[in-house]
């Protein structure tokens, strides 16, 4: 004994220096590497649909846009799009504001942008024919032939600036945002103008008092206004009034006059020749604030000063107010949001009256002169010296928009969306036509390939982005294909044919026809006798009702009876079931398969990751997760059975519907008489109940399914690679009298590695929040999941009661058993259970053995009567009485 003790101690002393961290570190590292290799199994997300969205700008209309999404033939493709992000394009105008002494108000030339033609239009501008033989009659500038100038031209010009010749003002609506920017003259005289109107300056080297001009003769200095007395101007260019200096200045003080030295061009807003105006503009500076006509020295107004802008009579820019200068864009602008609507006016309170001593208004000339020669003499003989100078111009671009404004219905209807599926990812040519889709489009993909979308927009006056949401089913369809295409559709098609054939044979039967004719004859006879006897008080409604009844029964015995009633009456019931089922279901795998909604459900509850995590939980016997997994699996089996009940309920409802339709001739005849009309009403109620029952059943079922999906994700937890069963080696020598008792784990194999559920312990931080999947949360969630599955299992009975209350049609009662209502679906499920009972028992036998021998560790059976061990390893079950056991053997 002493020798044995000594050997044991020697082994222990020799083993002590060999620590796991030192000698077996590579083994420990290898085990940790497995953990990082396998990682964790996350709870899957139920994504049977691949969804996406894309915004397609109207600026890219006609060009195919890639979604980056691939679709599969025969599977659902849904496209929803909206035009809520589309607004009208801002209304754009080019405006030339010019001072001309011949008009009492400033000249305003307006060009409107036409988005359809992508050009500006000078609406209502007076076009003068210059040469009938010209290829472009009406070309601008006007002709230089003075003999062709007439008072008609002057009248048209006056009408144009008074907006009475087709020239419309700029309209502004309440809420519109108005942006006015100063631009160069080249922007206004853009070649991008319809019919080349106002594409270049209206100017002529030959003076014509009746012609229109646009040039302000400021040379390179534009967007400026001169408003100064002749004295201040002459004090700059000819202060001494030197008669030898051809300045055009005469007189002193308030009697100072200025006259253009070459011609009378001051009449048309051109008081100086180009060289003179260049010198003059170089001498003056920008006017100070609150400057006026007598400000000394002479100055010019810029940044929009000197011009008043009104909207609906409300001033939005004062005369002395400057445009805002943007340093980043080097532009001057004014920004305004209209509080009320109206027309936009460009005007000024500086008057041109009294600039000359004689009348210079074109409106007066057209009234006072009837002879062109007299008008020419008037212009040539009078002295056109100016008392003050008021000339210049502003070129502006006006943009008006309103993001709150919606496009008009016509423009909205013209916008369409097309989709295209290609076999490869190559950009399709714009000439390739696609399939138009409505706002809520759902159909099965015609082929495999990549999805492309494009907007077709014939309207160029709107802007924005069309928002498109798309989704396509990516899961499997095997279950619905088997259930619907393999089982249900053949049954429904067969019963449709049966119903039609039976109905036609019934209508053609001579006995039925004689009954119908006799009923009609009797109905008309009784109606006539009662009417003659005065027993009826006929109203228009009653007369129409009786006529309709007679017409319906008379049409019933005709050859085209089936075609008529099936088209206008029976189809409302036979197609009504499919219509309601299809429209109630949100997620489905195929539009052509009314049971496609089952595919996403089976994709969720047959997900391999879900069942893998449940299997991992089954292995957690020591902490109770196995019990939760068993509850979940049993609940899923119960739910699958409920799905089968829904399918059987649909089939039974359709069969009952077709049978009722095949008997329609009998019930339609019964509607003639009040005593038999109740049978006809009950027949209609029965038809309606067969339509309503599967619809309501499906609605309840889908609502429960939404809750079940959320609960299932809470029952299943993620699992990470870890030690499933720890391995500890213990050594207890106390029985040998040696005071040694310890245990240790192998450093290279601390336990059997496998996936272990990641379940946190219950703590004060998570017990109240229920956010962490603790054991308590998992257990309560599993019970809820089980309750919902039981709820779905009892839906058929509940829906039968609801439909009976709605349609007043109750199922027949079984004799005995407290007169319980019959349940065809329950009977079918009971028969299925009887057939599958042997399979169920065979599947449960291994589970029972596992429970007895592994979990309960009942290796040695006890005597049923005494409770003592029989000493028989793996003996018979002791919970089976001998009597039952003997009967079972027999």
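Positions of Cβ are set from backbone N, Cα and C atoms, glycine also.
Swiss-Prot lists 862-890 with the feature compositional bias 'Basic and acidic residues'.
What Swiss-Prot lists as region 'Disordered' is 860-890.
Residues annotated as signal peptide in Swiss-Prot: 1-20.
Taken from Swiss-Prot, the feature transmembrane segment covers 518-538 (among others).
According to Swiss-Prot, the transmembrane segment annotation covers 567-587 (among others).
The transmembrane segment annotation in Swiss-Prot covers 613-633 (among others) and rests on sequence analysis.
As annotated by Swiss-Prot, transmembrane segment applies to 651-671 (among others), with the evidence given as sequence analysis. Counting only same-chain residues 6+ beyond the ends of the transmembrane segment (651-671), those with a CB under 8 A from a CB of the stretch are 488, 491-492, 495-496, 498-499, 502-503, 506-507, 512, 515-516, 519, 549, 552-553, 556, 565, 570, 573-574, 577, 677, 679-680, 683, 686-687, 690-691, 693-694, 824-825, 828.
Residues 573, 576-577, 580-581, 584-586, 597, 642-643, 646, 649-650, 653-654, 656-657, 660-661, 788, 791-792, 795-796, 798-800, 802-804, 806-809 of the same chain lie 6 or more positions beyond the ends of the transmembrane segment (684-704) yet place their CB under 8 Å from a CB of it. Taken from Swiss-Prot, the feature transmembrane segment applies to 684-704 (among others).
Feature annotation from Swiss-Prot assigns transmembrane segment to 775-795 (among others).
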Non-local residues, at least 6 beyond the ends, that sit with Cβ under 8 Å of the transmembrane segment (567-587): 48-49, 496, 594, 596-597, 600, 650, 653-654, 657-658, 661, 664, 687-688, 690-691, 694-695, 698-699, 702
Distal contacts, the transmembrane segment (775-795) - CB-CB under 8 A, six or more residues away: 623-625, 628, 631-632, 634-636, 638-639, 641-642, 645-646, 697, 700-701, 704-705, 707-708, 711-712, 714-715, 717, 759, 762, 767
